[in-house]
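Participant: What follows is a structure written as structure tokens; I'll ask about it next.
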Amino acid sequence: MRQSSESKQKLYLYNTVSRAKELFCSSNDPVKLYTCGPTVYDYAHIGNFRTYVFEDLLKRTLLFFGYSVRHIMNITDVDDKTLAGACKKNISLDAYTAPYIQAFFEDVASLNILPADVYPHATHYIPQMIEAIAKLLDEGIAYVGQDSSVYFSIEKFPTYGKLSQLKLQDLQCCSRVSSDEYDKENLSDFVLWKAYEEKRDGHIYWESPFGKGRPGWHLECSIMAMELLGASIDIHAGGVDNIFPHHENEIAQSESLSHQPFSRYWLHSEHLLVDGKKMSKSLGNFFTLRNLLDRGFSGEEIRYMLLQSHYRMQLNFTEEGLLACRQALKRLRDFISRIESVYPESSHISEDMQQHGEGFLQAFSEAIANDLNIAAALAALFDFIHQTNSTIDQANFTQADANYVLDIMKRINTVLGVIPFSADLEIPDHVKQLVEEREVARSEKNWKQADALRDQVASLGYSIEDAKSGPKVKKL
């Protein structure tokens with residue numbers, strides 16, 4: 001483990017298996033982290049990104065505390081939904097999924113989510129999946145059903161249900177289920193290899209010793225995780241809807257293949273609601289990230305909204321809440337702008353400022369170390385901002401203090417990823433053009449035109465501050 005000033009902080013994470021907070025310990029360097037990525041049959045919605053932002057916070061926290069991390073996030077490019085979409089359009093699976101894969105990476109960048117080390121595509125690991133199925137068949141853990149599909153026998157895995165806390169003996173099991181997604185009421189043997197049906201699958205299939213077909217969704221993640229991280233990993237994360245059946249089935253398959261514990265920690269984020277209701281296209285409250293960006297909200301505003309609540313609490317997404325996040329970011333932006341101003345020179349940081357900064361860093365670290373308690377971390381941040389502003393108002397602030405505070409803000413932003421620093425602000429070309437036109441109008445003393453151009457820039461979400469060195473453009 002890489003050492004840092006924060007590395008002595010103990011990190012506690014809520015493990016879904018034990019239903020308790022546990023001290024995080026890793027014998028691996030780097031930490032092995034696997035997160036379930038997008039199923040690329042459509043554009044990802046904001047509920048998906050609530051999970052991805054939580055996973056990003058988890059990864060950033062590990063890095064903040066001095067761990068190195070190897071992060072794998074899969075791309076599910078073959079399942080019931082992707083196959084149905086490709087067949088409906090009568091195009092190849094690659095042609096169907098490619099635009100959604102590209103959109104996913106663009107969306108991730110707009111939310112400032114750190115990239116994974118590898119994004120494996122399920123379709124690139126079909127041979128390894130076939131090999132795993134053959135092994136499970138040989139060991140009598142899997143069997144071929146009457147429909148020629150291959151199924152995993154959950155009765156052959158005695159601890160099945162340990163993640164979702166199901167007890168097989170207390171439940172009425174169906175014989176088998178071939179769908180990728182199902183609920184606990186339909187508990188059954190699940191599909192490892194789905195036999196080809198021409199009417200349903202069209203031209204999409206793979207050859208195997210078990211006949212034409214394609215792998216089951218649950219097997220895909222098991223194989224990609226083990227191929228890229230090994231038989232045992234440190235952390236597996238996803239949304240609560242992944243607990244059953246997906247993650248439960250991953251455990252059964254993986255541990256049957258390796259005879260080792262699959263993952264030591266399982267973390268899951270809660271659902272996102274929209275105006276207090278479950279997101280649904282029929283209710284008209286279904287949003288993709290692109291919907292919100294098109295309505296004028298920024299990636300950092302959406303990230304802040306998705307980040308601000310504890311990951312194990314349901315998040316109620318409202319437009320009013322998003323506008324409140326805009327104001328919170330404005331407060332952060334104004335503070336950074338104030339800190340980046342010029343102050344009296346000093347050769348050292350004041351003792352009060354140093355104590356103030358160290359106290360804040362301790363409070364922030366303790367908050368995120370307590371199962372990623374982001375609400376407490378943000379409360380500590382805004383208290384720090386309030387106290388620092390008071391110090392500046394009292395004219396007890398030097399350039400050394402400003403540099404110290406700016407360094408602290410940059411350090412905590414490695415966790416938050418939302419603080420808008422002036423140096424990071426990218427002004428769109430069309431805004432730059434308007435600013436240049438305004439400078440021409442000002443040089444010609446055409447004040448009416450200059451004011452009109454300033455208003456136009458403001459309508460696009462930016463302000464212009466005139467200075468001797470030239471105009472400074474800031475995000476409103």
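The count begins at 1 with the first shown residue.
Heads up, the Cβ atoms here are built off N, Cα and C, so glycines get one too.
Note that the coordinates shown come from a computational prediction; the quantities given were computed from them, not determined experimentally.
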Participant: Of the candidates CYS25, CYS221, which does Swiss-Prot annotate as part of the Zn(2+) site that also includes CYS36, HIS246, GLU250?
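Facilitator: Of the residues offered, the record points to CYS221.
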Participant: Quick one: sort out which of 38-48, 71-81, 203-213, 445-455 is the motif ''HIGH' region' according to Swiss-Prot.
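Facilitator: In Swiss-Prot, the motif ''HIGH' region' feature sits at 38-48.
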Participant: Tell me which of 28-32, 278-282, 343-347, 353-357 corresponds to the motif ''KMSKS' region' entry in Swiss-Prot.
Facilitator: 278-282
Participant: Specify the secondary structure state of CYS221 (Zn(2+) binding site) as given by DSSP, simplified to three classes.
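Facilitator: SS state of CYS221 (Zn(2+) binding site) = helix.
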Participant: Helix, strand, coil residue numbers for the motif ''HIGH' region' (38-48) per DSSP?
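Facilitator: Counts, helix then strand then coil: 3 helix, 2 strand, 6 coil.
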Participant: Which residues does GLU250 (Zn(2+) binding site) neighbour through Cβ under 8 Å, counting only same-chain ones at least six apart?
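Facilitator: Within the chain, GLU250 (Zn(2+) binding site) has Cβ neighbours under 8 Å at HIS218, CYS221, SER222, ALA225, HIS236, PHE262.
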Participant: Least buried of the binding-site residues CYS36, CYS221, HIS246, going by other Cβ atoms within 10 Å?
Facilitator: HIS246
Participant: Could you name the residues, excluding CYS36, CYS221, HIS246, GLU250, of the same chain that surround the Zn(2+) site, i.e. Cβ within 8 Å of the Cβ centre of those residues, in sequence order?
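Facilitator: Result: ASN74, TRP217, HIS218, GLU220, SER222, HIS236, GLY238, ASN242, HIS247, ASN249.
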